[in-house]
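Pulled from TrEMBL, these are the features on record:
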- 22-86: domain 'Pre-SET' (DOMAIN)
- 89-213: domain 'SET' (DOMAIN)
- 235-251: domain 'Post-SET' (DOMAIN)
């Protein structure tokens, strides 16, 4: 079932549509720093509606992204409303030579542009682990686990499963040298939208990909991937990204295959 936005999972533990953030009282057509509390919470977009990548790379951490929400007084044209507008680019799902389905852009995509969301059922930890452990090595695994490492040592986890309900993001392939990267973007609540942005200028017809491990644009220490035991290799899938730094296998997170 196609859904442009994430929905509550079958376990009913998390509702991504619930509004828990207060809205800003900005009266201008487009919010600005430092008047807007939404923008003051974290990172904001440039005037060309792109994520400010340069500042992110200069730091050892990334600032969170909060968009204006449904309770804000600013208008729909506010430049702090980007991911919530959904897919704006022309994308095409196509059959690749060795990787099954893939996604490519039908128009040039400038660096820093929002491409699409990785949408699906938002699950609680227990249900996410149950579904993953019920899979066999032959099953396609679409469940993504995103971990945000806070400055105080806490880790926030978000699990999204587009196996049965999802959008075009489920067809994006992994690459060890990707042209997209994922950023959790919050709009109405602490449940983030898993937004994919262009890491470089992308040409029309070029396949879109991101690093499933999350290492790209992040500290390597934040990844739970490890060198697996030989018996675990039977659960791993080969990587056909073809990049110079290809790791031969798709990313592996053993914690998802153990009891939480």
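Just so you know, glycine gets a Cβ as well, placed from its N, Cα and C.
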(message) Mean pLDDT across the domain 'SET' (89-213), rounded to an integer, is what?
(response) 95
(request) Summarise the domain 'SET' (89-213) by DSSP state, stating how many residues are helix, strand and coil. (result) 13 helix, 52 strand, 60 coil
